[in-house]
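For reference, the structure is listed below as structure tokens.
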Amino acid sequence: MTEEERQKVNHYLPLHIAAIKGDWESANKFIEQEPDAVRVPVTGLRQTSLVVAIRLARRNEFVKKLIEKMSPEDLALVDSRGRTALHEASITGNVEAAKLLVQRNTILPNILDKKGRVPLYYAANFGFREMVLYLLDVTRSLDVNTEHLEPKPLGVNKENLEPKPFEDRSEEERQKVNHYLPLHIAAIKGDWESANKFIEQEPDAVRVPVTGLRQTSLVVAIRLARRNEFVKKLIEKMSPEDLALVDSRGRTALHEASITGNVEAAKLLVQRNTILPNILDKKGRVPLYYAANFGFREMVLYLLDVTRSLDVNTEHLEPKPLGVNKENLEPKPFEDRSGVTLLYRLATSGLYDIALSVLSRYPKLAYLEPSPLIMISKKPSSFRSGTPLNSWQNLIYSGVPIKLETIADHHSQRDIENPTDCFISSVVDVPQIKHIREKKLLHHQALELVKRLCMEVVKSNILRAPQIFVIPLHQAISFGIREIVEEILKSDPNTINLRTMEDQTVFQYAIMCRSESVFNLIYQLEDYSHALLSSRDMSSNNALHLAGFLGPMQQLKVSAAGPALQVQRELQWFKEVEKFARPRDKERKNILEMTPAEMFTDTHKELVKEGERWMKDTATSCTIVAALIATVVFAAAITVPGGNNNENGHPIFFKQKPFIIFGISDALALFSSIASVLMFLSILTSRYAEEDFLYALPNRLIIGLVSLFVSILSTMIAFGATLYLVFGDNAAWILIPIVALACLPATLFVALQFPLLKEMIKSTYGPGIFGKQGDDLLL
């Protein structure tokens, strides 16, 4: 949207709001002052107030009165997607509004949008039976010669009228496609000999559509087969103008090469027709857009080189040379909406280094809409804070070297002659290390792009910066992308005052989303944190109230395993926010007349019950195992292997080392299993208050599981020692199967229970998820 359009939308905002509310009195006053307002776009999609009333409010009394103020031509006005008010009525199933519209303009059911769809299509697509039945009655074939139509009465022109909505008008085209079927098949197979014979008989065949989408054999060869030798020879048979022929979607052969990533074919095409990279399809997209959208790096780099701004006065162009006309030519592909759309798609595909290069050449793209920051702020995997790594991956990540490359680096070759460089290169090329290095490089490129975007936005217009930053900022908070939030706050400190629709501050929203990496930025504020957290939202909740709300379940499931640990994580959040809360905030009541503590209890009741059930089930299962082990090892201590000496009552093997090992292991197994039983019993008899989930219950479960593991391991050692005493007879080889079998249950226990145990130890005794993450002060 241009600045002029934005100002116009803001001017007509009262009418927009009146249409949403169905407030005819306010709308009528505005229209009486400005009669043209009924036909002026009031939204970013260039929709009139009539469309807003139909689509958002379905206030049909308002719609009826508004239609009376409009001419039939006004009812055929289209938005940026080519849709009329009847299209929107069909999409929402508003039959009454549809009838009011068609009564005033009977051509409306036959008008196509930019996708070539009449209103009846949408009614059928969304399954609105009554709407479909009505539109079937009023959508009819028209006796109209579209060749002689001009865009005058009733908003109809030869481009957007469907005179035969229920008839097949392509019989002639179908016959033509069948006639050229041999050429089509040859293009698919890459059979140049057969294709050449056909073309020699019919030279015009190279420019004739051979598919239902009106694609030429050249497009088929590029898109389906990528037979570039075939493509090369076929291009030699075609003129530059032929290469600019478009299909039913307005796409040239270069568009299709871009969609399939066929760089070689793209080069062959551009060599013959240098205007191809600037030709738009019916969606207003140049080939470079598709290459960026599908993430074909090599294709993007090539098209960036050959797509250029043209010194062409499109006002005087006619559809003659090179297939270019004023409708489908983009003379400024890196400026305004085309440029920002390209930047947006590069960010979508993760081609951040290329996006940074484009932004460096065209810095004003940073503050146009839609901002690329909006897309980047939805991609947590593009940043370190949103990429989970285990211990060894984290170690490699911190040590692996990276080089931030520019586009120029892709066109140069590097010779590695230094032995040290060769060694580093060979190590970095190890698949596991290479994968982590690529991640780190991506993170750095994304961060550099974010820094540049923020810098350019602030540089261009500091007063408008918060308006551009507000959506990316809140999205970054919801996805837990600390780096974006930090850069926005550094670039424009005023954004710290931005609020959500619920009137929550940056850090209050981070609490609601349970984004600990973003919340930890509060440690980099000096004295402003209390003011930000004490602020109250629309429901009179302060930060501690928001910490008392149940966090997003998806976030809880990712951050903590099992309901008990989820309750623990929620308590950790509440206690951490409580450190920053003023004494009066702890007793403040919100709109529900509840204090933060009461809010926590009320919203976490079900989760606490689930946590209690999970704890008891785990403790019960483990108690049975521990009790069985205690019974077995106690019996083994009484009936020692080999029996006792009848003369003095001492065990026969008591002087042998395996027997000593047996005795120690058996005793350790007995003591640890009994300790484990006691721990699990204490869990079963606990009161299960909320606070118990913070430390007491997890601590008992950790001790119980560790004791159980020790008892299992000791039992296996004791059993192995017994087998060796009885059957070993000084045969060392028997130790091998004994050790292998003894390790099996211990290994199974570790494999099945260790992840949970590790998570509990980390959550209970670890450094925690909160703390200062940087030394730089944000404000």
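The backbone N, Cα and C atoms fix where each Cβ goes, glycine too.
Annotated features, as they stand in TrEMBL:
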- 159-171: compositional bias 'Basic and acidic residues' (COMPBIAS)
- 613-726: domain 'PGG' (DOMAIN)
- 150-171: region 'Disordered' (REGION)
- 81-105: repeat 'ANK' (REPEAT)
- 249-273: repeat 'ANK' (REPEAT)
- 619-639: transmembrane segment (TRANSMEM)
- 659-681: transmembrane segment (TRANSMEM)
- 701-725: transmembrane segment (TRANSMEM)
- 731-752: transmembrane segment (TRANSMEM)
PLDDT averaged over every residue in the repeat 'ANK' (81-105): 91
Residues from the same chain, set at least six apart from the ends of the transmembrane segment (659-681), whose C-beta lies under 8 A from its own: 619-620, 622-623, 626-627, 629-630, 633-634, 636-637, 640-642, 651, 653, 700-701, 703-705, 707-708, 710-712, 714-715, 717-718, 721-722, 725
Remote residues contacting the transmembrane segment (619-639) - C-beta distance under 8 A, at least 6 residues beyond either end: 666-667, 669-670, 673-674, 676-677, 680-681, 683-684, 701, 704-705, 707-708, 711-712, 714-715, 718, 722
The repeat 'ANK' (81-105): DSSP-derived helix, strand, coil residue counts: 18 helix, 0 strand, 7 coil
Residues in the domain 'PGG' (613-726) grouped by DSSP into helix, strand and remaining coil: 89 helix, 2 strand, 23 coil
